[in-house]
Protein chains: 2
Amino acid sequence: MYRSHSCGELRASHINTEVTLAGWVQKSRDKGFMIWVDLRDRYGITQLIFDEDRTSKNIIEKAKELGREFVIQVTGTVIERQSKNPNMETGDVEVLVTKLEVLNEALLPPFTIEDDTDGGEDIRMKYRYLDIRRNPVKENLMFRHKVSMEVRKYLSDEGFIDVETPYLIKSTPEGARDFLVPSRMNEGQFYALPQSPQTFKQLLMIGGVDKYFQIVKCFRDEDLRADRQPEFTQIDCEMAFVEQEDILNTFEGLTRHLLKEIKGVEVNSFPRIQFDDAMRLYGNDKPDIRFGMEFGELNVVAQHKEFNVFNKADLVVGIAVPGGASYTRKEIDKLVDWVKRPQVGALGMVYVKCNEDGSFKSSVDKFYDQEDLAKWAETTGAKSGDLICVLSGETNKVRAQLSALRMEMAERLGLRRADEFAPLWVVDFPLLELDEETGHYHAMHHPFTSPKPGQLELLDTDPGSVKANAYDLVLNGNEIGGGSIRIHDKETQAIMFKHLGFTDEEAKEQFGFLMDAFQYGAPPHGGIAFGLDRLVSILGGQETIRDFIAFPKNNSGRDVMIDAPATIDEVQLQELGIKLKNTP
Amino acid sequence: MYRSHSCGELRASHINTEVTLAGWVQKSRDKGFMIWVDLRDRYGITQLIFDEDRTSKNIIEKAKELGREFVIQVTGTVIERQSKNPNMETGDVEVLVTKLEVLNEALLPPFTIEDDTDGGEDIRMKYRYLDIRRNPVKENLMFRHKVSMEVRKYLSDEGFIDVETPYLIKSTPEGARDFLVPSRMNEGQFYALPQSPQTFKQLLMIGGVDKYFQIVKCFRDEDLRADRQPEFTQIDCEMAFVEQEDILNTFEGLTRHLLKEIKGVEVNSFPRIQFDDAMRLYGNDKPDIRFGMEFGELNVVAQHKEFNVFNKADLVVGIAVPGGASYTRKEIDKLVDWVKRPQVGALGMVYVKCNEDGSFKSSVDKFYDQEDLAKWAETTGAKSGDLICVLSGETNKVRAQLSALRMEMAERLGLRRADEFAPLWVVDFPLLELDEETGHYHAMHHPFTSPKPGQLELLDTDPGSVKANAYDLVLNGNEIGGGSIRIHDKETQAIMFKHLGFTDEEAKEQFGFLMDAFQYGAPPHGGIAFGLDRLVSILGGQETIRDFIAFPKNNSGRDVMIDAPATIDEVQLQELGIKLKNTP
């Protein structure tokens with residue numbers, strides 16, 4: 001063992017003990033007759049002291065040569081510090097060094113290994129192993145470990161069994177694009193990496209495993225939007241003989257456990273809101289309910305005058321921004337510009353200042369009188385001093401725009417507090433979603449989601465109106481989990497595949513094994529999957545999942561540290577029976 | 001919830017309670033006026049009773065239609081059984097059914113869902129979801145879950161952090177063949193699936209994580225020998241600032257913990273044996289030490305007579321088989337045939353019966369007298385009543401042959417007891433191994449293994465003699481873990497790569513990031529990886545890892561249940577920028 005203690009361990013009680021420490025030189029101060037070195041390891045920092053009077057000359061000489069991030073081993077005596085540092089756990093003591101060994105030298109790191117580093121994102125990713133030495137990154141990884149452990153502990157105690165499902169599976173073009181793996185032993189054939197273990201966990205239910213979980217890597221070959229990773233981690237769960245209510249209760253329990261164990265927060269209320277209501281009240285299926293600003297739909301009280309912009313809109317809808325009445329004209333103009341940015345896409349914004357004296361001042365005073373505006377205030381819940389912001393247009397678009405504005409205003413007003421946690425379930429999702437480009441319906445969750453009882457017939461007449469036993473767990477404006485009760489009989493599954501545009505042959509080819517399995521005694525079952533990367537980052541009070549992944553990829557799917565993907569040997573291609581498209 | 005209790009839960013204390021159960025029909029007995037149904041779920045079996053006098057007619061009718069593996073839900077009253085079954089946990093009671101719902105019908109399963117099934121391996125693999133319903137398979141999966149949980153618990157308590165490393169990495173042709181994943185976003189380039197997270201865990205040590213572990217899937221595209229899987233699971237661990245002794249102690253602790261928690265066995269002794277001694281005494285680097293039959297090398301006492309077979313052999317070596325003196329001539333002939341099988345490959349076998357009267361009778365009495373044979377008995381530790389089996393030939397070959405015979409005899413004699421656990425460390429492995437085909441040396445563990453201090457110079461003069469700080473943990477004749485102290489400086493690593501036949505360019509291309517990392521303050525570090533599949537099967541007292549994998553692949557790397565790998569769409573190939581070799 002290279003050390004008797006860690007660098008975070010020594011206290012006043014260790015004074016006069018001889019200790020051996022090992023770690024990295026965080027910094028050193030050379031006063032000529034005395035040298036102090038901060039020695040760092042995962043557990044903390046301990047101050048070393050080299051003193052002309054008490055340390056041998058050759059060790060002093062060696063100490064003078066130490067550079068930042070050198071790896072050293074020292075032996076010495078723990079002594080009381082002259083000037084204690086109450087901000088350091090080891091701040092009462094220092095180690096008077098009697099032996100020093102340089103275990104490894106270090107080049108000057110390309111950025112400072114400090115909490116606030118001078119390194120930009122790119123250089124930190126290239127030297128991720130140095131970035132990990134920094135407290136914020138290291139602590140994120142330790143935090144993730146803690147969350148994973150608590151998840152496993154809770155679910156295992158609840159009778160869930162961790163079952164590993166295979167990574168080399170079959171490509172199912174439904175959904176996102178698969179990563180493919182050419183098979184050398186079966187030339188011309190390919191494995192696919194799982195987008196999720198969906199079918200396998202259903203087969204485990206058919207196999208009688210009853211309660212399954214797994215923390216598992218999943219893969220999607222998508223064009224990467226910001227903060228998406230081609231490989232990501234899922235807490236994947238499934239239960240048999242359950243109804244939706246059982247699953248919601250079980251995973252409320254998990255979420256409650258995590259919030260308590262990890263954050264020390266007791267959350268008692270997990271409100272449930274229907275998808276339609278979430279869209280109506282927040283314009284969003286993952287509403288942040290830490291704050292109000294609920295939507296007020298104004299069609300009835302805003303489409304009776306000569307204001308054509310509103311009259312021809314499908315939806316006129318507003319929110320009351322607390323304290324916004326005090327905004328200057330310039331500030332409001334900026335807000336209008338903000339909603340007109342292409343990322344938001346509104347054509348304009350109508351506003352109403354709710355003055356302290358009870359009167360209103362709006363950008364549409366020409367069309368609406370005080371009585372009209374009072375009704376708008378009532379509908380949006382605006383109080384004196386608030387600013388009502390109103391958007392109008394096609395329903396789905398305008399909801400998305402106002403939702404963006406709502407979140408932006410909450411952010412500006414400091415209402416999205418990282419230490420507050422407001423979970424909720426969004427339930428009764430539509431089964432199908434219309435792809436506006438192709439005019440086809442596709443599964444909103446996935447093709448295995450069960451329609452609500454009695455709604456199967458609607459698939460033929462009004463597919464868009466069919467609701468599913470599908471639910472999302474939303475935390476602070478982020479979907480952290482989603483799932484559904486599954487179809488468990490072959491006939492319903494066949495009907496679903498047909499409506500999703502599968503021919504019988506395609507369904508059989510891709511999912512024949514599951515359809516077969518349904519015939520051998522499939523129990524009712526359902527489940528949920530949590531995005532671990534996202535969950536951890538939200539629990540950690542941060543927004544970027546990359547900060548909680550040890551070795552993330554960039555937006556082009558590259559690992560810039562190891563420089564992957566990369567070209568491969570011609571021999572390897574040969575063995576796999578493939579060739580590159582652009583070679584002869 | 002479809003049930004108030006599980007099928008394993010009801011006891012005499014529940015009598016007169018109304019309960020709802022759900023599960024699978026294990027079997028039913030129809031006596032006309034009375035029907036008994038065994039209802040099964042993950043937790044057990046409960047007997048249901050339908051009784052003409054007490055059950056309504058239409059339910060009786062429905063019950064008569066129930067087939068094996070139907071999924072049903074019943075409500076009824078717990079009553080005392082007339083004839084109790086002490087072999088069933090629920091054997092004191094039965095449920096008098098008042099409500100019956102068929103949740104799903106079932107086709108007749110292709111094999112019986114019993115502990116001893118009539119289904120062969122192939123059919124059970126195709127319908128693995130049915131196979132998993134059988135107790136032996138289900139219990140193996142639950143056992144694996146328990147082992148994984150205990151591993152995580154122990155290591156986490158010891159300060160190890162579970163860090164997820166990437167699955168989409170870079171191909172490094174050293175070692176086994178990689179599975180490759182074409183990158184769509186980086187056309188012409190490929191990711192590789194990790195054969196192990198080796199370089200990443202070393203980077204985590206350089207990053208100051210100090211103690212890392214992960215239960216992680218690894219991938220090797222090898223021609224599959226029996227009981228190998230293309231994807232397998234590793235308990236992967238690494239520690240910084242440690243010497244070999246620290247790692248051995250830590251993972252003795254883990255192994256001791258598992259044996260105690262999982263098997264209730266206290267193992268105190270973890271003997272350590274040098275690789276050279278293991279080969280000399282057992283002809284094997286993973287000796288089973290639950291029994292004796294250590295090798296006795298007989299060159300000195302067997303090469304002084306006119307028996308040319310021995311005189312021209314590099315090694316003459318024997319074992320004493322307990323009680324073997326009583327074997328008939330026919331039995332011994334069979335043994336000789338056994339060692340001459342191509343799988344073993346001996347040219348013949350010399351034997352000596354150690355008679356109860358202290359005399360010897362051998363197959364080479366023509367050449368050796370009683371005094372000679374007494375010396376053989378002494379060297380092999382043979383006692384009266386034993387049979388000495390002697391092989392001779394080229395050292396490595398004859399050791400392998402005698403090792404095979406030793407294991408076979410132990411098996412026949414019942415000395416390989418599944419409930420006995422005898423771990424040991426094999427240490428001081430050679431750093432390099434000569435590939436007899438190519439005449440080149442390659443790394444016995446991997447290129448990152450550190451040579452023993454002071455032996456680096458031998459690489460030039462006598463590479464085969466260089467020993468490494470490498471160790472295997474062996475349990476009952478199986479390697480369950482292996483690891484090494486790693487190289488942690490760029491110079492040594494460069495020397496290693498050179499001796500392994502890498503050009504500077506190749507080393508830089510493939511491992512440049514690691515070599516770079518070594519320059520920024522790499523601590524001394526080392527680690528170990530356990531094969532979880534193997535570990536679990538040995539702890540479970542079984543030999544076949546496939547029995548402990550939920551969805552294993554067959555020897556051609558195929559998943560016969562989902563029928564993967566499979567052909568893919570032309571569109572998918574297009575998108576990936578590849579084409580099949582045999583298409584235009």
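Keep in mind that glycine also has a Cβ here, set from the backbone N, Cα and C atoms.
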Further binder of ATP named by TrEMBL next to B:ARG220, B:ASP221, B:GLU222, B:GLU479, B:GLY531, B:LEU532, B:ASP533, B:ARG534, taken from the candidates B:GLN229, B:GLN542: B:GLN229
Among the ATP-binding set B:ARG220, B:ASP221, B:GLU222, B:GLN229, B:GLU479, B:GLY531, B:LEU532, B:ASP533, B:ARG534, as the record gives it, the longest Cα-Cα distance in Å: 21
Rounded Cα-Cα span from B:ARG486 (L-aspartate binding site) to B:LEU532 (ATP binding site), Å: 22
For B:HIS445 (L-aspartate binding site): intrachain residues, at least 6 apart, with Cβ closer than 8 Å: B:PHE429, B:ALA468, B:ALA470, B:GLY482, B:GLY483, B:SER484
Counts by DSSP class (helix H/G/I, strand E/B, coil) across the region 'Aspartate' (B:198-201): 4 helix, 0 strand, 0 coil
Three-state secondary structure, B:GLU222 (ATP binding site) (per DSSP): coil
Length of the line joining the Cα atoms of B:ARG486 (L-aspartate binding site) and B:GLU479 (ATP binding site), in Å: 20
Separation of alpha carbons, B:ARG220 (L-aspartate binding site) and B:GLU479 (ATP binding site) (Å): 18
Overall pLDDT of the domain 'Aminoacyl-transfer RNA synthetases class-II family profile' (B:151-552), taken as the mean: 95
Which same-chain residues, if any, lie at least 6 apart from B:ARG220 (L-aspartate binding site) yet have Cβ under 8 Å of it: B:ALA176, B:ARG177, B:PHE179, B:GLN195, B:PRO230, B:PHE232
Under 8 Å by Cβ from B:GLU222 (ATP binding site), counting only residues of that chain that are 6 or more apart: B:ALA176, B:ARG177, B:ARG228, B:PRO230
